[in-house]
């Protein structure tokens, strides 16, 4: 029987002209060193269905002589005539004969490529009408009797149905000195950032040392273009950029002259990261009926293939489009102009843009009103209560159209003699404002009414806050006479109104703690003073009948801010409850008073004998050598810039005292900067100081201000000479 009959070989006709894949690329293959650039546009496939033979039956095949890199002379067949056995079933890896990665032949040579496998195989390779399929043998054999440069290319044999996807390849060079290049495609399209393969194949591998890539008309490639070359595949532009979209030619040096290929057009498409970028102006819009208005919808993208449109509610508007290109982006703008708006133009407007990656939209609201408006509101309560010394921020929100012409914060009393400094910040939106007034370290005279006023075409509006300061209680306990009998009186002041309780404890103590006994709980003491924005003063009386001998009584006052107390005692009831039987002027008392009078006379005499001193100041200024100038400090001017308000000083302990003055530790608020808090030493006159001592202190003040700042002396920070 013949081979065809014994092997039941069924050979279908070759399928020529496989449709190209998009962009000139096909599926990735393990044998493709370029990363899957399959040139399917100029490929063909030959599929052989081979029926498996029994294992003990031999299949004739051509010899397996190694032909790697051998050059065949014109007219010589490159096939072999010896017989071999195909691989046993299950091996799954086809074998191409001649073996080796490449084969170099002369034009006109007969070339035979043989693929040995266990099942159906498939050939991939460049199109040529000269290839024929030999159907008389049980393996796939491709033969061309007249090889030309068009046969140059890589041929792959793949076993169909193999789960491992095994294949074998061989690259065929058909040397042609006239045609050193075989161009497989005319156009290549890739995405930006991908490698672009320009498939111009050398027909002679010996020319690989003198190849180069140029643009058409001999122009060199761009400086930033990074490319490499493989003789079996062509030029590869790595990480192609949009600017590298050009027409290229492959150039080779043949016999001392440069021979170029046909041109290949490279199209690099920008990577679209997402829907177009979209802006809509304004974000919101208010107009009075009859005014003009404009709404602008703008979209941009890296590619020109995108759409943009504007709709009012559910109605798509027909608007002429303006296009532009700058900053490497395409822009499309829609502008809606309304000359005389009406209430029918109000509502939601939506700007939408679409491309292949999706849709992007943004909306705005258009309000049409019949007249101007001005609205002042606050999220805060208009009645504010803050503890003295703390900070508060008063915020007002404004909605206005047209825009505000003016706005301001004012203090409206009741302490108009101490006008506080008003620091406020106002932020502006399209039709909304927010104004914030900040008051730091609130002082007693800063309580009162704070008003925000604003004006626009509608008129003027105001919003007023009432600021009340909270004070912790202050307590003072004194003796008082009630119907000839002594009683304890507790006076407490603070805000809110303090509540008062009385406790007692044994003996003498500064504060009743552990052994205290509640004497009186007075939740509603008598109100002595209650004025708006001031402390509330109350008093509570502990009647004589409730007092016990040798007891300490403590008055405690408390409110929502804090508490305070003061103890009084010990109380000796008998000394105050019983009238004295003996006359006031007893002999002992007369003797004591006489001795005291004599002592006073003696002290007065000594004081008269004390020499008088007068304070004199001199300033000596040297001008070199022995030339001196004496300046009377009293004649120096006093600079008013040193003045510092007394009520911004909080005094502490006394640090020392001198002949006519004393030095007190104090805390200065607002010295140098509005929010500064500084520990200072204050030198002041004693309450008994006379005119000369006051003049001496003023001379010292003038001298220090005259000298200025110096690192070796105590520096002057300020002075309080008024009031």
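A Cβ is built for glycine as well, from the same backbone N, Cα and C atoms used for every other residue.
Looking up the ranges 1-36, 37-72 in TrEMBL, the one annotated as region 'Disordered' turns out to be 1-36. Of the candidate ranges 584-605, 606-627, 628-649, TrEMBL annotates residues 584-605 with the feature transmembrane segment. All protein chains considered, the CB of residue 655 (ATP binding site) has 13 other CB atoms within 10 Å. Sequence-distant contacts of the transmembrane segment (584-605) (same chain, six or more residues past either end, CB-CB distance under 8 Å): none.
Annotation for residue 663 (ATP binding site): spatial neighbours 654, 655, 656, 657, 681, 682, 683, 684, criterion Cβ-Cβ under 8 Å with sequence separation of six or more. Spatially close to residue 661 (ATP binding site) yet at least six residues away along the chain are 683, 684, 685, 686, 689, 693, 697, judged by Cβ distances under 8 angstroms. As a summary of secondary structure, the domain 'Ig-like' (94-158) carries 3 helix, 33 strand, 29 coil according to DSSP. The residues of the domain 'Ig-like' (276-365), classed with DSSP into helix (H, G, I), strand (E, B) and coil, number 3 helix, 60 strand, 27 coil. In the shown protein chains, 11 other C-beta atoms lie within 10 A of the C-beta of residue 657 (ATP binding site).
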